[in-house]
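Peer 1: This is the structure, below, for whatever I ask next.
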Amino acid sequence: WVLSSKEINFPYPLGLTLLHMIFSSFLCFLLTKVLKIVKVEEGMTLEIYVTSVIPIGAMFAMTLWLGNTAYLYISVAFAQMLKAIMPVAVFILGVAAGLEMMSCRMLLIMSIISFGVLVASYGELNINWIGVVYQMGGVVGEALRLIFMEILVKRKGIKLNPISLMYYVSPCSAVCLFVPWIFLEKSKMDGNGPWNFHFIVLTLNSLCTFALNLSVFLVISHTSALTIRVAGVVKDWVVVLVSALLFADTKLTVINLFGYAIAIAGVAAYNNHKLKKEASRVTSETPGDGESIPLVSLPNTERG
């Protein structure tokens, strides 16, 4: 709605994303250092920041930049359908990084998801391959970010809640976005005269992105991994259907929805497999008499 030329007409995905990260950095600093509502987890060192946090911040910036740019070319509904391929990208990169093991079951699940996305794409009436490439680039960036986050937790033993993670990552992402913004968008914004800066709309837009991360933190704190995964699938369908109602240029076909349903079925199977794997790992790590249970806090953040 903000990027669309038919609505707010702020067609600067880099500038919009940069604004989000600056806003997020400010609010995280306010919550942790000024108001001290949330405590920043300890254990962060310069070596860990350089080798883990900066790559996470760079991949987060890449995800937001490319993913938001895709909205200039394809509909929100179709972009959401393409995002269903995310588990495939995460799994392939996880295997390459030694974090996942290839199996017949996982290969079947990945094939189902890929087939569903292909069918959904085949049913797209107004497909724009530039937008598809941007969205796939965003998917790869998000998959790499999740891989780096898993390495941060599993191999380096750093426990960060989402607010702490955003406290460290947001400024880094802002810097990574600022450099391409200077070269790619600043001249366009200057060339259009005074910047078309809708202060109230963009502030609310930035607040929504921060609220998204905060809501994920609260849901994780009060529910379970199963709730997160089920809510994620429900959210995906809501985004597709509601965006089709809000934007007149979005046309959903039966093939669209059928392919997306196949992909979501694959995602559900993937979630079920991961949950069973996590449950078996917890069971195998259940301590005997006199032993203590190691606490691991997995960071979970969403796109902002």
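Cβ coordinates come from backbone N, Cα and C, glycine included.
TrEMBL: automatically predicted annotations, no manual curation.
Found this in TrEMBL, in case it helps:
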DOMAIN    10-271  domain 'Sugar phosphate transporter'
REGION    281-304  region 'Disordered'
TRANSMEM  12-32  transmembrane segment
TRANSMEM  44-66  transmembrane segment
TRANSMEM  72-99  transmembrane segment
TRANSMEM  106-123  transmembrane segment
TRANSMEM  129-153  transmembrane segment
TRANSMEM  165-183  transmembrane segment
TRANSMEM  195-219  transmembrane segment
TRANSMEM  226-248  transmembrane segment
TRANSMEM  254-271  transmembrane segment
Peer 1: Pairs 6 or more apart in sequence, C-beta under 8 angstroms, 3 or more of them: is that satisfied by the transmembrane segment (106-123) and the transmembrane segment (165-183)?
Peer 2: no
Peer 1: For the transmembrane segment (195-219), I need the partner stretch with the highest count of C-beta pairs below 8 angstroms, choosing only from 129-153, 165-183, 226-248.
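Peer 2: Most contacts with the transmembrane segment (195-219): 226-248.
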Peer 1: So, taking each listed stretch (12-32, 44-66, 165-183, 226-248) in turn and counting its Cβ pairs to the transmembrane segment (72-99) that are under 8 angstroms, which one gives the highest count?
Peer 2: 226-248
Peer 1: So what's near the transmembrane segment (44-66) in sequence-distant terms, Cβ-Cβ under 8 Å and 6+ beyond its ends?
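Peer 2: Contacts with the transmembrane segment (44-66): 13-14, 17, 20-21, 134-135, 137-138, 141-142, 144-145, 148-149, 151-152, 156, 158, 165, 168-177, 180, 303-304.
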Peer 1: Other than its close neighbours in sequence, what residues sit by the transmembrane segment (226-248), given a CB gap under 8 Å and a spacing of at least six beyond its ends?
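Peer 2: Tertiary neighbours of the transmembrane segment (226-248) are 1, 4, 75-77, 80-81, 83-84, 216, 219-220, 260, 264, 267-268, 271, 274-275, 300.
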Peer 1: Who are the chain neighbours of the transmembrane segment (129-153) in space, where the CB to CB distance is under 8 Å and they lie at least 6 residues beyond its ends?
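Peer 2: Those are 48, 52-53, 55-56, 59-60, 62-67, 69-74, 78-79, 82-83, 85-86, 89-90, 92-94, 97, 99, 121, 159-160, 165, 296-299, 303, in sequence order.
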Peer 1: Sort out the residues at least 6 away from either end of the transmembrane segment (165-183), same chain, that have Cβ-Cβ distances under 8 Å to it, and list them.
Peer 2: 14-15, 17-18, 21-22, 24-25, 28-29, 32, 40, 44, 49, 53-54, 56-58, 60-62, 64-65, 149, 213, 299, 301
